[in-house]
Amino acid sequence: MVLAEELAKQQKSISVAEFFEKNKHLLGFDSPVRGLITTLKEAIDNALDACEEAGVLPDILVIIKKTPSGSFTITVEDNGPGIIPEQVPFVFGKLLYGSRFHQVRQSRGQQGIGISAAVLYAQLTSGVPAMVISRTGAKTKAHRFTLMIKTQTNEPDVLSHEEIDWSLPHGTRIELEFESSMSAKKRLLEYLKYTSIVNPHARFRIEIDGESATFERVSGEVPPCPQSIKPHPYGIEFGILKRMAAASEMTVDLFLQEEFSRVGKKTAAEILAHAGMKGSLKASRLEPGDLKKLLTAMQEVKIPAPPASSCLSPIGEDLILSGIEKEFALDFVKSRSRAPGVFSGHSFVVEAAIGYGGRLEAEGTARILRFANRVPLLYQQGACAITQSIAAVNWKGYGIAQSGLPVGPVLILVHIASTNVPFTSESKDAVASIPEIEKEIVLALQELGRDLKAFLSRRDRNRIAEDRARAVCAIIPDIARKVSEIVEKPVPETAAIEGRIMRRVVVKRELLDGKVQIRIDNHTTKPVELTLYDISPDTGEGATVAPDFSSDLDGEVTKCWRVVVEPASSWVTLYPGAGGGSLTVQGMDESKMVVMDCEE
Ligand SMILES: Nc1ncnc2c1ncn2[C@@H]1O[C@H](COP(=O)(O)OP(=O)(O)OP(=O)(O)O)[C@@H](O)[C@H]1O
């Protein structure tokens with residue numbers, strides 16, 4: 001056939017780099033804005049993974065600059081262990097090259113494709129090679145490379161390589177240039193904010209076109225690096241079993257015990273009995289039919305779940321709370337870490353948190369923060385099992401309006417930590433719908449929903465009590481005036497009584513024996529912090545006074561004192577007549593206190 005021959009001439013193999021050059025959307029590079037976020041995400045994921053592996057507290061610098069030609073350079077620098085010079089070209093210049101693909105443990109990177117795909121995207125849009133600096137220790141020099149990817153062969157093309165002096169004792173810096181747009185800035189800051197919530201041990205310094213910002217760490221402890229475990233029999237597929245058996249020199253009995261997680265002597269014997277197979281056979285000699293029987297037996301015999309504690313690194317309830325509190329001012333926030341679960345032989349842990357009120361928008365659907373292996377998921381929210389699980393909860397039962405997703409000033413965070421996060425695609429944007437995972441998410445949210453409901457009912461009760469107290473307080477001054485008229489005595493001061501009824505802080509400037517004094521009555525259950533300007537306070541009981549410091553108030557350097565008044569205490573300070581001192585109360589919501597006559 002002529003046609004077949006014509007077609008045969010056109011057949012040729014396609015390199016993985018060529019494939020992804022054409023299908024860059026599959027890796028999350030579908031638009032200039034998205035390209036920038038994905039690049040940053042890939043570089044930061046690698047930096048965090050590398051620091052965790054080396055047990056270093058991550059210090060990550062991100063620089064984004066517009067070039068005179070209108071494109072953007074993006075630089076990510078980390079203080080991780082660095083990469084040996086022989087490997088740099090492959091890490092950055094070859095797709096599907098990495099250290100994590102064959103390991104069964106939690107890590108951000110999985111496929112060995114991320115950073116080289118960013119290099120490919122940069123050379124495709126700007127034509128500028130990637131610049132990489134890496135140093136593995138203080139005793140060695142840093143190595144600087146400029147490189148590209150030869151797309152037809154998926155091999156690195158090193159354009160220059162030299163040894164240089166570098167300020168960091170160890171770490172890696174990558175610089176890429178590509179077309180993008182500054183409209184990525186908002187998403188970028190959002191991505192960094194969310195990354196810092198789930199990586200409370202990391203510090204991010206960022207410079208975008210001259211403006212700088214820092215996302216500070218709130219924990220000084222590096223989370224333990226998850227250990228690699230062997231694959232679990234429930235997660236194995238035929239092709240993998242065939243390859244593993246072919247490469248083994250052991251008998252089937254030992255092969256099962258040595259190569260799989262949770263298979264000891266007894267379980268191996270059970271599997272072999274179930275498969276009707278002798279354990280003394282050589283694993284590499286097994287025929288496909290035998291392997292099929294073995295696989296069925298491996299999946300039908302009851303085997304304990306894979307160990308989760310060593311191979312997973314959940315964030316923990318307290319650190320999730322500190323992360324959220326650092327970035328959002330909320331009236332209520334609670335978190336939960338569920339016990340480890342398992343799907344298809346892969347361990348996973350679901351963690352979740354709910355926040356309410358504060359500065360969250362009162363209208364519209366809840367703010368949803370999705371994370372997988374400590375990486376924020378910013379795209380494809382609707383297609384993600386996390387979103388669908390949130391919508392599956394009956395939020396109305398917890399006092400929250402719902403229209404599919406919950407509605408109102410609500411923040412919902414869900415983190416899935418797993419040895420194999422089941423993403424819907426290589427761009428790692430959305431988690432696939434796995435019933436075991438969805439069930440755990442729903443259970444975690446239901447537990448938190450009950451806590452939220454308790455908070456909301458307590459708040460409603462307090463509101464009613466407060467309304468009543470306010471009504472009483474409104475008539476107290478009139479009562480005082482009337483009573484003093486009747487008993488013919490001066491009208492008594494009622495502020496302290498009002499404060500006690502309202503359970504608030506009363507700050508009052510009053511005259512005593514011709515001297516001005518400031519009196520603070522803290523009727524709340526929390527310490528209250530005040531800053532006094534231009535006065536010399538005495539140390540009264542129930543308060544701690546910090547040494548004076550100077551503050552640039554309205555452009556004038558002023559002497560200040562910081563005073564903390566303990567709950568249920570009063571504190572009085574003398575106020576020197578001249579000097580025009582003033583007072584502010586910090587850390588308290590204006591509506592929760594009564595501040596009277598405190599300004600000159
Ligand atoms: N900053 C870095 N410091 C140390 N090693 C690094 C760094 N960046 C990359 N690597 C090494 O290079 C490998 C390849 O990185 P790459 O981003 O291509 O893939 P990955 O992170 O393993 O997986 P994924 O494709 O899912 O992101 C990593 O597995 C890691 O071993």
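Positions of Cβ are set from backbone N, Cα and C atoms, glycine also.
Keep in mind the model is a prediction, meaning the values are calculated, not measured.
What TrEMBL says about this protein:
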type: DOMAIN; residues: 31-153; note: domain 'Histidine kinase/HSP90-like ATPase'
type: BINDING; residues: Asn46, Asp78, Ser99, Arg100, Gly109, Gln110, Gln111, Gly112, Ile113, Gly114, Ile115, Ser116, Lys428; note: ATP binding site
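For the binding-site residues Asn46, Ser99, Gln111, the largest tally of other C-beta atoms within 10 A is found at Asn46. Listed in sequence order, the residues of the same chain lying 6 or more apart from Gly109 (ATP binding site) and placing their CB within less than 8 Å of its CB are Asp45, Asn46, Asp49, Gly98, Arg100.
Contacts of Ile113 (ATP binding site) defined by a Cβ separation under 8 A and a same-chain sequence distance of 6+ are given as Phe20, Leu27, Leu95, Leu96, Gly98, Glu426, in order along the sequence. Sorting each residue of the domain 'Histidine kinase/HSP90-like ATPase' (31-153) by its DSSP state yields 41 helix, 31 strand, 51 coil. Counted over all residue pairs in Asn46, Asp78, Ser99, Arg100, Gly109, Gln110, Gln111, Gly112, Ile113, Gly114, Ile115, Ser116, Lys428, the record's binders of ATP, the longest Cα to Cα distance measures 22 angstrom. Packing around Lys428 (ATP binding site) is summarised by its Cβ count: 26 other Cβ atoms lie within 10 angstroms of its Cβ, all protein chains included. For the domain 'Histidine kinase/HSP90-like ATPase' (31-153), the mean pLDDT of the prediction comes to 91. The Cβ of Ile115 (ATP binding site) has 27 other Cβ atoms within 10 Å, all protein chains considered.
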